[in-house]
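Report on the structure given below.
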Amino acid sequence: MLIDRFGRPVTNLRISLTKECNLSCFYCHREGQLDGERFMTPEEIERIVRVASRLGIKKVKLTGGEPTIRKDILEIIRRLKPYVVDLSLTTNGTTMYVLAEKLKEAGLDRVNISLDTLDRKKYKMITGFNVLDEVIKGIKKATKLFYPVKLNMVVMKGVNDDEIWDMMRFAGEVNAILQLIELEVPREMENSQFFKDFFYPLKPLEEKFEKLAVKVKERRMHRRRKYFIPIDGKIVEVEVVRSMHNTVFCMNCTRLRLTADGYLKTCLLRRDDLIDILGPLRNGASDADLIEIFKRAVLLRRPYWTSNSS
């Protein structure tokens with residue numbers, strides 16, 4: 001198993017399959033990626049994951065951009081599944097109604113679907129497109145095939161902070177888990193007008209959940225708390241993702257990232273931590289060479305939010 005200098009095991013690999021997306025969400029961080037021209041093939045992704053699995057990485061999440069716009073998405077899933085115990089996908093849901101059954105057959109274990117609002121006008125304002133109805137259909141289809149389905153809601157001040165309870169009800173109706181996510185930016189953007197305008201702190205809401213929940217669990221990943229809250233006769237599972245200045249969140253991160261153009265990346269918010277793995281692979285690197293590249297990347301890992309930065 002890979003363990004960094006801070007004693008944190010690395011068990012998860014988050015792979016961006018593309019920087020492209022069929023929506024244009026105004027807050028999107030693009031998985032912390034910069035522009036690049038390289039493009040990983042299914043064979044190259046498979047080899048990297050095969051090597052990662054030898055190092056104890058058994059959970060892989062496919063992201064983007066929007067990963068399902070890759071025409072070879074089913075091939076990628078089929079290639080990766082033999083090497084991992086948990087293969088998941090984060091998607092905007094626009095293709096889910098059409099692809100859900102094929103994704104399941106290819107070997108996908110579970111899905112996270114982005115859904116920031118249930119209001120058509122707001123959805124178009126946030127994403128630039130009027131496709132909310134298709135996404136809702138896709139969510140309902142996904143919940144019949146996958147468990148759990150998680151709905152990712154980035155909570156933004158003055159945009160959708162008035163919809164949290166409605167989203168909880170919807171999650172209960174479709175038997176999904178709701179993830180409430182704080183808007184996240186790097187340190188240099190904390191004083192930006194964008195952050196001041198849209199950041200909505202989730203700590204007060206989490207304190208309210210503590211009182212309302214019939215049960216509370218804590219995940220190993222980031223020590224995120226999961227609240228089981230009664231609403232309209234159902235128990236809805238709500239997970240709060242609160243990363244800004246959260247030292248506990250960082251100290252319990254078990255992720256490594258692979259960018260769409262083939263760089264290992266140790267942290268979403270860092271841009272000084274890229275380690276090229278695709279270049280050496282294309283230049284004939286052996287599996288032993290690729291293992292050393294993984295080890296080098298893990299040595300670079302350090303918590304973004306610390307007691308000195310919080």
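Including glycine, each Cβ sits where the backbone N, Cα and C put it.
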Subject >> [4Fe-4S] cluster 2 site partner of CYS250, CYS253 (as recorded in Swiss-Prot), chosen from CYS28, CYS267 >> reply: CYS267
**OP:** Quick one: which of LYS61, LYS122, LYS124, LYS226 does Swiss-Prot put in the GTP site with ARG14, THR90, LYS150, ARG255, LEU256, ARG257?
**Re:** LYS61
Original post:
Looking at the binding-site residues GLY65, LYS150, CYS250, CYS253, ARG255, ARG257, which ones sit with their CA no more than 10 Å from the CA of CYS28 ([4Fe-4S] cluster 1 binding site)?
Top reply: GLY65
**OP:** Could you state the whole-number distance in Å separating the C-alpha atoms of SER114 (S-adenosyl-L-methionine binding site) and ARG257 (GTP binding site)?
**Re:** 19
Original post:
Taking just the CA atoms, what is the gap between CYS250 ([4Fe-4S] cluster 2 binding site) and LYS150 (GTP binding site) in Å?
Top reply: 22
Original post:
How far is it from MET189 (S-adenosyl-L-methionine binding site) to LYS61 (GTP binding site), counting Cα to Cα, in Å?
Top reply: 27
